[in-house]
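Chemist: Residues or ranges marked as [4Fe-4S] cluster 1 binding site by TrEMBL: CYS12, CYS26, CYS29, CYS35. The annotation [4Fe-4S] cluster 2 binding site is assigned in TrEMBL to CYS239, CYS242. The domain 'AAA+ ATPase' annotation in TrEMBL covers 58-229. Annotation source TrEMBL lists region 'Disordered' at 1-23.
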Amino acid sequence: MADVPENAPEHCPGTSSDKAGKSAPCQGCPNQQLCASGATKAPDPAIAEIGEKLSVVKHKILVLSGKGGVGKSTFSAHLAHALASDSSKEVALLDVDICGPSIPRIMGLEGEQVHQSGSGWSPVYVEDNLAVMSIGFLLSSPDDAVIWRGPKKNGMIKQFLRDVDWGELDYLIIDTPPGTSDEHLSIVQYLSSTNVDGAVIITTPQEVSLQDVRKEIRFCQKVKLPIIGVVENMSSFVCPKCKNTSQIFPPTSGGAEKMCAVLSLPLLGKVPLDPRIGRSCDEGNSFLKDFPDSPAAVVYHRIVQCIQDYCSNRATDVQNAT
């Protein structure tokens, strides 16, 4: 949980729990007296600090997936590139996948390092209007393993949100790890005062992926995180020679389209398989820039337009409400 101290014993109920400092696992914990006093139930002061820091960010978008390997980080990178293709927009991509940071490789930034300034950490820039931050920039080697428990990962996420000097932004895209664990609870908690636009959920057509995506959707609903829509990756394969379409991963239960219809969620698009996407990511290049007329790129641009329209409409609704 996001509210478990780093030095807490196993089965700690969490500092905001009614059982904090009173349950059996609390016996002998160095935090027991503080938790029992009720002082730990006060809001984390970092929430207000993060709210102030990100008040100059117009739109905040989370990219989620229930299962790993469905193309979530690839989508986050493509979304960042597409939004930044408008030179009048300032875009940033934050990688909070602490144990599996792939954004530095995908964005062509491996080997780059973060620098400290008087106003915080300076992000790494791909273009003049596209900034990136990842724990991958803090590792001595891309092969280094980050072996951290939840509290330490949560502390790093807090530091990213509070201490990175993004400046004024039009879009902040947050690439998250798969699942619904500590990192997701932390990011939602820390962003609770920042008016997040919503989440884009990534899946593939197979039921084994959709099953976990339904859990991700329930998570969003429980924490009151708006869902912008669902993207189905690896939806089909378009032969580059004959242009015929094949189902490499058959949607045995109807795929994302049926799931979205049942759950009344927008299906933003179905991205076809294209081997050049993987190659572009490995080489750190923008697939959308290199192959702008490919079937996958055409779908990506439609999806990005849907996301932009959603953010624009939501900003109008928030302004009218105030």
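Just so it is clear, glycine is given a Cβ too, placed from its N, Cα and C backbone atoms.
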Chemist: Within the same chain, where does the region 'Disordered' (1-23) have neighbours whose Cβ lies under 8 angstroms from its own Cβ atoms, ignoring anything closer than 6 residues to its ends? I mean 6 or more beyond.
Modeler: 29-37, 40-41, 149-152, 154-155, 182, 185-186, 189
Chemist: When the region 'Disordered' (1-23) is classified with DSSP, how many of its residues are helical, how many are strand and how many are coil?
Modeler: 0 helix, 0 strand, 23 coil
Chemist: Have a look at the binding-site residues (CYS12, CYS26, CYS29, CYS242) and report the one with the fewest Cβ neighbours inside 10 Å.
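Modeler: It is CYS242 that, of the binding-site residues CYS12, CYS26, CYS29, CYS242, has the fewest other Cβ atoms within 10 Å.
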Chemist: Please report how many Å separate the Cα atom of CYS242 ([4Fe-4S] cluster 2 binding site) from that of CYS29 ([4Fe-4S] cluster 1 binding site), as a whole number.
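Modeler: Counting only the Cα atoms, the answer is 67 Å.
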Chemist: Please identify which of CYS35, CYS239 has the densest Cβ environment, defined as other Cβ atoms within 10 Å, among these binding-site residues.
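Modeler: Buried the deepest by this measure is CYS35.
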Chemist: Considering every residue in the domain 'AAA+ ATPase' (58-229), what is the mean pLDDT value?
Modeler: 93
Chemist: What is the separation, in Å, between the Cα atoms of CYS35 ([4Fe-4S] cluster 1 binding site) and CYS239 ([4Fe-4S] cluster 2 binding site)?
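Modeler: Spelling it out, the Cα of CYS35 ([4Fe-4S] cluster 1 binding site) and the Cα of CYS239 ([4Fe-4S] cluster 2 binding site) are 61 Å apart.
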Chemist: Do you know offhand how many angstrom separate CYS239 ([4Fe-4S] cluster 2 binding site) and CYS12 ([4Fe-4S] cluster 1 binding site) by C-alpha?
Modeler: 54
